[in-house]
Every structure is written in structure tokens, then in C-alpha cells.
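Let me begin by presenting the structure, written as C-alpha cells, before commenting on it.
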Amino acid sequence: MSAKDVKFGDSARSKMIAGVNVLADAVKVTLGPKGRNVVIDRSFGAPHITKDGVTVAKEITLKDKFENMGAQLVREVSSKTNDIAGDGTTTATVLAQAILNEGIKSVTAGMNPMDLKRGIDIAVRAVVENIRATAKPADDFKAIEQVGSISANSDETVGKLIAQAMEKVGKEGVITVEEGSGFEDALDVVEGMQFDRGYISPYFANKQDTLTAELENPFILLVDKKISNIRELITTLEAVAKTGKPLLIIAEDVEGEALATLVVNNMRGIIKVCAVKAPGFGDRRKAMLQDIAILTGATVISEEVGMSLEQASLQDLGTAHKITVSKENTVIVDGAGDANAIAERVQQIRAQIEESTSEYDKEKLQERVAKLAGGVAVIKIGAATEVEMKEKKDRVDDALHATRAAVEEGVVAGGGVALVRAVNSLDGLTGANDDQTVGINILRRAIEAPLRQIVSNAGDEPSVVINAVKAGEGNYGYNAATGVYGDMLEMGILDPAKVTRSALEHAASVAGLMLTTEAMITDIPEDKPAMPDMGGMGGMGGMM
């Protein structure tokens, strides 16, 4: 076990703060509409240019191990805020630095760090309640567009794309961001339920130009097993053929004699049919078959519940307005399932999301909610170069998360104004002792830091702007992009309440832990002896 280097008290804290300041100073230049870019070197390929705070934070590792500990703790602030709210990473870093730098003065003056932390926590609770109380719901197209534009660093086209996507697939729909192939941004929307399984045989395709099978008002048969014997399907096929409607079979697999007979009947026009493998594997396949059943009003034919395929009737089949099956995907549009049953199923899956601890499981469950509730939208990013593409994708991802947060908890005045206004909630607030009251005042001063940084990045004087904003009321603030004072909501400068709240909570949490740190321990690097020179070979000197 290697020897340890241990530092105590002020010498430990001063090293930690030095690391915090290096990371925070690199991150905070990106804040606001006039925030600057940060260029990150890559070991291969072109440098990465970004205005995304968490991307900058993740790249920083310091040589001094004590300073690096401070930097990594603040990096944790931006990562946590990013995970929960999807944006506000730079704001969180600026707040953490401000709380720490204000607090360390009091610790150095001999105040009790634990009481200071308790005071900060009391103040944070009051400010968070104020933010929640002043938040306005973001349920209209314009508000969503404005939040998206601001989070994408004032890029209005991105805001419009996200608002259009949310309008098309609903607030529960899945919206993904991909790299496009052209110069322009584009939006692709798949309405209805889509899953990644195509037709089992290309002979099921009835549109030869697109190689797809299009079924209008079809019946849907769901089977939780492999089908290889055509005798099992005869009853169902005869019943469907009499109606003259097409049939989609979704099963674990269709093979052998059953597949050959279906293909022949389809090609001869006796019955229009298409067979598709069920999506997913194992328990997830069973769950997705049940989702499709509820969406289309079908019953899953499963031997586990004592049902046999030979006895299936038209009552067990589901229906939909239209189904399109390609080589790789199946899209079910406007399933005839009961709306209440679908809503109950969505609630049930949401409850599973709350209980799940795996990020992968949560993502898959969220996809199932989207497929039942709305649809899937894909925003395709266009750019001239790969470097620009990556930078833009970072911004669009941020904007997408921010708009989701806005829909969830509403919006507040942007540009750091909501935090400055929340200072009023600290008036008359005192702690159990003088040191706790000092902790409350630490947050009172630190809470102005985001607005100061936005103004500073815009090249204006922070103190002048802070005083002017404090003199106003409500949503009155400063538009750093234009240099104009006015109502922030009317000017379209909004922040999701969830982002502002998360940034403050995480910043105060980590800054409080740092203030109460009294010792730091790290490994002492071992001096490894240099490799000896290689011995000389016959007729040669020693190689160096």
C-alpha cells in the first residue's frame, strides 16, 4: 500500500479552493447569450469546440491531487444537475464557486463550518420554495420554443424544432437527436407505435416501389410462441378471409410450413397477410406484446394463460387504422384499443419507471410510454463540418432536456433574475445562532453570481446591472443579448424552474461539504527507478 499525503485545516481548504476556481473559471465563460466558446484538445482528430458547461467540466483533470479533488467535487455538481434537469450545469458551477468563496471567508474568521452549512441549507429551502411558488406553467408552443432557444444559446431554429416535435408527439413522446447528412436541421416524426421488427419474408411486401407492406384497417393476431404448423392458424385465417380485411400476425417467429402457406396465400390474393416477429426478448417481449394488445384491443394468445391458437376467434384479434411494415420496422397507427385501458397501462409503466434503479431499464420503459402515448420524433442536426455538428448536437441535447424540465415544473424569469428576486424570501430569516445567520447571508450574496457572470460575459458592468435589477420588481431584468432592461417573460427569456432549483440545491450541497472539510488524503506518487541501459552487443557500445 502506497504512502499517503495528508493536509489539514486551512492548507487543505486553500488547495481545494484553488482547484474549484480553475474548473469554475473555465466553465463560467460559457454562461449567457454572449458566453464564449471553449476549445478542447483531442488526442486524435480536430479539437472539440463547445459552449456546454458540463462538457468543459468533464475534460478538466489537474496535476496537483489536492487541487484536483476540489475540481472533481465541483464537476460532480454540474454532472448531477445535468442528470436531473439536463441543463443549468454552468449556473450550478458558478453558484458552487460563489457559495464556497463567500463561505471560506467566514470559516477563516473562526466561525463554525457546521453552523454555516446549516444556515446555507435553511436559506436554500426558502429560495427553492420561492422558485416553485413563482413558476408559471409552460404548456403553450411559444413558451416551449423560447426555453429551447435559450438553452441552445439563443438559436431560435432549434427552439422551433423542439416545440414542433413536442407538439407532434406530445409531452410524453420520445424525442431523439441524431446527426443528419445535410446542412439544414430537419424533423422526422413517426406517429403511432413503431418497433424494430420488419416482415419475416420479403414476399409479404405489397408496395414494390418502397418494398413495404401497407395494411388498411387490418386485424392483428398476437401470439406468444413460435408458429410452424399451419393447422393452428386455419380457423383464424378462414374467419379473417370472410371479412375481406388484411391480417397482421405478430409472433415469436413464423417458420416452415406455416410461413410458406402464408406467403403463397398472400401472393395469390386469397388473403392479404403479413407476419412479423415480436419485438424485444424474454420478459420485455411479453410486456411489449401486452402493450400492443392494449393499443389495438387484442388479446395475446398465450399457452401460459390456457389459450390455444386453434381456438382463437375474431374477438381475440385487435384492429388499427393502418399498419406499415418495412424490412426493419413496423408502425401501427391509430390502434382501436380502449383509451382508458391505454391510460391505465401508461400509469402502470410510469410507476415502474419510478421504482427502477437501472438507467437502461428506465430508458426502455420511457420508450414504451412514448409508443403508447404519442409517437417518436427525431431531430436531425445539419452542419457544414463535423466540429460544428458535435458542438450543435451538444446544444440541442441541452435544449431538449431544458424544455422537458420546463413542461414538468414550469418556467421562471431567466437571466439569473429568478434567483435575485428569491433573495426577498430570506428577509427576516434567522438561524438558531449567529453563525447560522451568517450562513443565510452567505447564500444571499452568492445567489447574485449567475446574473453577475452573464453580465460580465456580455462585457457590461455587473454591479450597475445588479442594482438596476434589484430596483425593479417581478420579472424585471436585464437582457444581456440586447443590453435592454424589461420584463424577462415578455422578452422570451425564460428558465425552467426545475433547472434553477436543481442548480442551487446541488451547488449548495457540495459547497457545504467542502466548507466542512477539515482533512484531505491522497496517495504520494512513488518514484520508480529509471530503466537501466541495455547492455552492448558484440562490437557495439551500450545502447542509450
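The backbone N, Cα and C atoms fix where each Cβ goes, and this holds for glycine too.
Record features, source Swiss-Prot:
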BINDING   30-33, LYS51, 87-91, GLY415, 479-481, ASP495  ATP binding site
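Distribution of Swiss-Prot features across the structure.
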residue: THR30; record: ATP binding site; Cβ neighbours (10 Å): 22
residue: GLY32; record: ATP binding site; Cβ neighbours (10 Å): 27
residue: LYS51; record: ATP binding site; Cβ neighbours (10 Å): 21
residue: GLY88; record: ATP binding site; Cβ neighbours (10 Å): 32
residue: THR90; record: ATP binding site; Cβ neighbours (10 Å): 28
residue: GLY415; record: ATP binding site; Cβ neighbours (10 Å): 27
residue: ALA480; record: ATP binding site; Cβ neighbours (10 Å): 25
residue: ASP495; record: ATP binding site; Cβ neighbours (10 Å): 31
DSSP secondary structure for ASP495 (ATP binding site), reduced to helix/strand/coil, please.
strand
By the DSSP assignment reduced to helix, strand and coil, which category contains THR90 (ATP binding site)?
helix
